[in-house]
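**Q** Annotations for this protein, taken from TrEMBL, read as follows:
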type	residues	note
TRANSMEM	21-43	transmembrane segment
TRANSMEM	227-247	transmembrane segment
TRANSMEM	254-272	transmembrane segment
TRANSMEM	310-331	transmembrane segment
TRANSMEM	352-374	transmembrane segment
TRANSMEM	447-472	transmembrane segment
TRANSMEM	493-513	transmembrane segment
TRANSMEM	557-580	transmembrane segment
TRANSMEM	592-616	transmembrane segment
TRANSMEM	632-652	transmembrane segment
Amino acid sequence: GTPQKYDPTFKGPIYDRGCTDIICCVLLVVAIVGYVVVGVVAWTHGDPRKVIHPTDSRGQFCGQQGTPNEPRIPRVRGTARPLGVPHGILAVTCSPPCPPPLQICVSKCPDRYMAYLTARENPALLEYYRDFCTPEFKNTGKGLTEVLKDKECPAMLIPSTPLARRCFPAIQAKKGVIMVGNETTYDDGHGNRRNVTELLEGAKKANVVLETRQLAMKIFEDYTVSWYWIIIGLVIAMVASLIFIVLLRFLAGIMVWVMIVMVVLVLGYGIFHCYMEYAKLKGEAGSDVSLTDLGFQTDLRVYLHLRQTWLAFMIILCVLELVIVLLLIFLRKRILIAIALIKEASRAVGHVMSSLLFPLCTFFLLCLCIAYWASTAVFLSTSNEAVYKVFNESACPFSGQTCHPETFNTSNVTKLCSDAQCLFAFYGGETAYHKYLIVLQFFNVFMFFWLANFVIALGQVTLAGAFASYYWAFKKPDDMPAFPLFSAFGRALRYHTGSLAFGSLVLAIVQVIRVTLEYLDHRLKAAENKFAKFLLSCLKCCFWCLEKFIKFLNRNAYIMIAIYGTNFCTSARNAFFLLMRNIIRVAVLDKVTDFLFFLGKLLIVGSVGILAFFFFTQRIKLVQDTAPPLNYYWVPILTVIVGSYLIAHGFFSVYGMCVDTLFLCFLEDLERNDGSAEKPYFMSQNLRKLLKKTNKGQPDA
């Protein structure tokens, strides 16, 4: 934790360095190899068709080549009974375990109401009805109970709409009247007319899906006619972000002082308002009652009629005003240093312009991590095999046991339980691979966090190395390397992969624990144990704070790694103690930069968003005819706003890394050097003037 000793050979980021944290580097390589093996195994066993394509009640895909359903050329599936229809009419009761609902592959969705009891009496209707039964349905004289028991046909058909190769009830509302397939009633097969509202409760989710589909189609149409205008809006946001960073060199001081003055004036107005309210209530009945005598009141407006309330507000605001004024008096020099560092960061970014494009590289690598994690998760989740279980209505010792359809009819089960059936139950498996699927999914999540954090760390150490080269160049920019960004990137990959893996591993472990706690919290929402919920909330809060601290520590450790080439632990320790020795400067700089970045994002996103609003709502007369016709004008506007925020965040993340790097270099400069000819300061002339420091015997940088 002691300050760095003077080293006459130190001229910025060390080029003659060695590999650090080799064990972590090897561990990362082994983990990546294991991750690739898990991916290959998942891709070998998985079948994403289980997510995309529907299956029938036997677990067979609908309309896929090489499946028993191929000749029917189905595109959607039907359900055994419409959701929400009473079981007594359309289903057969059973003793648990009950078989899953009937799912049949069909070539088209039904377009009319029809009960099996009605269709059985009319050959023409029955022929239509058979399109929605299994191919094994031959005996048209069967009763409803027997048909449902054999799972050959649904009890009734409902007008449906295809979506995602599945049939959903065609629910719609016209003038406040709920209709299904343009009908308000349906025949239940017993000659009774029932209201379609009986179907509504069970089909609500299906209706939501249909409405979502219509919304998605309209949104897609809006994107097809407005995509180029959206791109133009994002380009404007990018240019605005670049201009703002350039202007910070000249306007940072003005912005900060304007912010401080506004805070002081707002607090002053608040004090004045509280005093006026306090004076106005003088003499009013009941206004002199104390807060203690009044006690707790659910209606908070009662407190506003008490003089003591406004007196308390006024005292609190006066204390805040006094604290801010005192901070300004005693910390004015540190605020000026923070402003000077921000201006210097703008100059550094100007000399390393390629750094503004580097987040695209980080974004691309993060997209690869996300794509690999998502595809592996899908293949792992679809690695299960079709599991068949014994289902029966009467008592049977084999009920619920696993069975094989190929050998079921010749087994002892059918001899002992005459009504037993071997039906598809779910996708699962009993092999060692299937038993450890949850472990593989956990490993997949863990590796995603590790690799994503590694990519972010690589970006941070690269930017830190480039900006450190700027600071430690005595004659800026003449003493800088030709390509500082590429040099820093090469050094990070060649020497410090292990250190980056170490830092990202620690962060990944904490993040995985947080995800686990969130999962447990989700599972315990319905629990009655309040102590468990309280303990879980405390753990979530603690690990959230720990994650924030580790991110802060890692960020500064990567800067020290980029400068000195030391291992992760040494860099983290040196950075931490260096910051602790200058804790007030750290706090001031952090808040000043946070405010400027917030102001910049608000200005850019707000300006571009307002411009997009006036353009897409055709309120700009000059380009009124140019704006495309839209279903929802908020679609391109929100896209432009979100995209503008991401662009601004990308630019400011580079700028923020530049400020943090220059700040650490500045602190190191103060501790290493004294301004003599042998140990000159590397900081800019403006910073030296603020600190009243000079370089003796050396020209100003």
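A Cβ is built for glycine as well, from the same backbone N, Cα and C atoms used for every other residue.
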**Q** With pairs fewer than 6 apart in sequence excluded, do the transmembrane segment (493-513) and the transmembrane segment (352-374) have three or more C-beta pairs that lie under 8 Å?
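**A** Per Cβ check, the transmembrane segment (352-374) does not touch the transmembrane segment (493-513).
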**Q** Output the single range from 227-247, 254-272, 310-331, 447-472, 493-513 maximising the number of Cβ pairs under 8 Å to the transmembrane segment (21-43).
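**A** Comparing 227-247, 254-272, 310-331, 447-472, 493-513 against the transmembrane segment (21-43), the winner is 493-513.
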**Q** What residues elsewhere in the chain lie close to the transmembrane segment (254-272), defined as a C-beta under 8 angstroms and at least 6 residues from its ends?
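**A** Result: 248, 313-314, 317-318, 320-321, 324-325, 328, 335, 338-339, 592, 595-596, 599.
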**Q** Flag the pair the transmembrane segment (447-472) / the transmembrane segment (557-580) as in contact if three or more Cβ pairs fall under 8 Å (sequence separation 6 or more).
**A** yes
**Q** Quick test of the contact rule: Cβ under 8 Å, at least six residues beyond the ends. What residues does that give for the transmembrane segment (493-513)?
**A** 17-28, 442, 445-446, 449-451, 453-454, 456-458, 461, 543, 546-547, 550-551, 554, 557-558, 561, 565, 567-569, 571-572
**Q** Does the transmembrane segment (592-616) come near the transmembrane segment (632-652), with 3+ Cβ pairs under 8 Å (pairs 6 or more apart)?
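**A** Between the transmembrane segment (592-616) and the transmembrane segment (632-652), contact is present.
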**Q** What residues elsewhere in the chain lie close to the transmembrane segment (557-580), defined as a C-beta under 8 angstroms and at least 6 residues from its ends?
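**A** Contacts with the transmembrane segment (557-580): 1-4, 12-14, 17-18, 20-21, 24, 457, 460-462, 464-465, 468, 472, 488, 491-492, 495-496, 498-500, 502-503, 586, 660-661, 664-665, 667-668, 671.
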**Q** So which residues does the transmembrane segment (632-652) touch in its own chain, when a touch means Cβ under 8 Å and the partner is 6 or more beyond its ends?
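**A** 218-219, 222-223, 226, 229-230, 233-234, 237-238, 240-242, 244-245, 356, 359-360, 363, 597, 600-601, 604-605, 608-609, 612-613, 616-617.
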